[in-house]
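Summarising the annotation, TrEMBL assigns region 'Disordered' to 1-21. What TrEMBL records for 1-10 is compositional bias 'Basic and acidic residues'. As annotated by TrEMBL, repeat 'TPR' applies to 39-72, 107-140, 221-254, 576-609, 648-681. Taken from TrEMBL, the feature domain 'J' applies to 701-771.
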Amino acid sequence: MSAMEEKEVAEVNGLEETMEDDDDCMIVEEQSLSAEEQAESKKTEGNGFYKQQKYRDALECYTQAINLCPTCAAYYGNRAATYMMLKRYKDALADAQQSVHLDPAFVKGYIREGKCHLILGNALAALKSFNHVLEHDPDNAVALHELKHVKSVQEMERKVELNIGKKEYRTAVFCLDRCLDHSPASVRYKVLKAEALTYLDRQQEAQELANDVLGRDGMNADALYVRGLSLYYQDNTEKAFQHFQQVLRLAPDHHKARGALRGNSDKLVIAVGNSDKLVIAVGNSDKLVIAVGNSDKLVIAVGNSDKLVIAVGNSDKLVIAVGNSDKLVIAVGNSDKLVIAVGNSDKLVIAVGNSDKLVIAVGNSDKLVIAVGNSDKLVIAVGNSDKLVIAVGNSDKLVIAVGNSDKLVIAVGNSDKLVIAVGNSDKLVIAVGNSDKLVIAVGNSDKLVIAVGNSDKLVIAVSNSDKLVIAVGNSDKLVIAVGNSDKLVIAVGNSDKLVIAVGNSDKLVIAVGNSDKLVIAVSNSDKLVIAVGNSDKLVIAVGNSDKLVIAVGNSDKLVIAVGNSDKLVIAQAKQLTAQKEAGNAAFRAGRYQEAFDLYTKALEIDPHNKSTNSKLYCNRATVGSKLHKLDQAIADCSKAVELDDTYIKAYLRRAKCYMDTEQYEEAVRDYDQVNKLHRTREHKHLLNEAKIALKRSKRKDYYKILGVGKSASDDEIKKAYKKRALIHHPDRHAHATKEIQKEEEKKFKELGEAYSVLSDGKKRARYDNGHDLEDMGNDGFADVDPNQIFQAFFGGGMHGFSFGGPQGAGASGFPGGGFSFQFG
């Protein structure tokens, strides 16, 4: 605390000038005179030490006074003031609270209590304390002054929450700093600031803040979490895991860990092209859009959603279960088997193109619109609906039943097609021997018992049921959808396909003997127990669950999705590490496309992990260069250095790609940056090579002029010159336009220059090393006469060669005939 802060605290405490005297001391119980005198003596001695700023000595005296007279409010008040000067605010708060407990009219006690609350970051408690002061002293200047600080902190705290929600962490840090101006000992503000700093990639500052908190409280789970998060974002996953595990041991219900599971999402968009097996489970989502092209088996389970849009192209088997949704739109192109179960929905729109079998079960809906093109079998069951609109093109069999019934008993021996729909029923008993197709939909039922021997296809949809027991012997396809149920017990012997969707259930027990495909979707459940013997494919989706127990004997494929869980970041971090390692393994094995795809998936896992993602981008760039995707590799390297501007490997990889694509200026810039970050002989050599390449790129490319490679032999250079010289000789273009003659003259001269340099070993070596040939004096090509070079090749050895010029033009034809051509 600065000198100014200490002065402010001293003024607020009001101790230096107005230490509590004997008159302020309330004796609740009679004490011996000697004890009172001894206590007063210790208090007076303590006051002296306090005024000398010898706070530890003062503390000892006040403690002795309290031991002698534990019912005196003034002694606790003085010791509270001393604790504050020693920055032991929790101890000071305890003493201040004890002082006002002993004397409810002790104004200074309330002031110290409020001050401690504010310094510790509890603005609401501070507000109450200062209001107590004003009840006893409405014009108290100290309380009025401190209330302004309290309101400022409350306003800043509101902005902190708002900006963190918007992920505007820079503004959040600014607001937290303003909070810490008045609440310097607030652990909560420090941890919140440290966490915001991790998202801003200011890891050093975040670590220092977290360590400051842990230095005072080594068991603080929030600070441990932030330190682990910072380590995770620095790609130190092993230590991060250790921190997360320790957090969960200290606080199994750690809310940050639960939040990171992403069980709740403001906006969620899932788009899938083709999927054989697709399971999507979401806890709570304000806006959820799911778009699927073709899917053989699609299961979508959502807990609560304000706006839900599900669009599916073609699906053989589609099951959609939603707990509560304000607005629900489901659009399906073609579906062989479609089951939609919704708990409560204000607005429900279902549009289906063609469906062989369609079952829609809704608990309560204010507005329901169902539009179907063609449907062979359509069953719609609705509990209560104010407005119901159903539009059907052609339907062979359509049953719609809505109403209320007190008692309903139905007994059927054998039935090929049975549809039963009831609005409200107190008691419902349905017993069926054998039924190929059975659909039962009930709005509200106190007691519901359904017993079925053998059924090929069984669909049961219930809105609200206190007690629901369903027992099935053998069923090929079983779909159960329940809105709200206090107790739900489902027992199935053997079932090929079982889908269970429940809105809210206090107790849910599901026992399955053998099931090939089992899908269970639950919105909210206090206790959920699922026991499965053998299951080839098991998918369990739960929104929020306090207690979740899943026991599976043997399962080939098991997918469990939970809205909120205590083990959040661990799963995400392990997933990121596993995906990265899988990509590395594929790269080492030479499976470059697979490695590229794995790195791409890994980059989607956690966009906040800048350290790991920078490495993933660089790894993908390396793979991209192997796949000859140089532009992609350059873009990935740019992303890597954007995330980590000291990442040398990414600069080197990008520079190499720039060299390969002849972007030499960019390559020089990257190699220069590498050399600045880490000066080595190798890096200096790479920079020099890039500079030479840049220099070469800005002068004539003699190899390109002759049309040969850089490793061409002397014979190849001679043949190339001979071929091109004949093409560009000026006499061949004697009848062309002046512009063409000038261009061909230029090319012919360049051919002579190129041959003059590349045919001379010394000149060629200097040229290849990037030296300026103009500075070579007599060894240069300033005085090269292209006619002489041409004559050396074609001079009297090719008599009679002519390009068909005018008769009698022997002096100007070539080669042979005394030809001479002068350049201006």
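Backbone N, Cα and C atoms are what each Cβ position is placed from, and that goes for glycine too.
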The predicted model's mean pLDDT over the domain 'J' (701-771) is 88
The correct DSSP tally for the repeat 'TPR' (221-254) reads 27 helix, 0 strand, 7 coil
Beyond a gap of at least 6 residues from its ends, the CB atoms lying under 8 Å from the repeat 'TPR' (107-140) belong to 9, 12-14, 20, 73, 76-77, 80-81, 84, 89-90, 92-93, 95-97, 99-100, 146-147, 149-150, 153-154, 157, 179, 182-189
Tertiary contacts of the repeat 'TPR' (576-609), defined by C-beta under 8 angstroms and 6+ residue spacing from its ends, are 199, 232-233, 235, 237, 615-617, 619-620, 622-624, 626-627
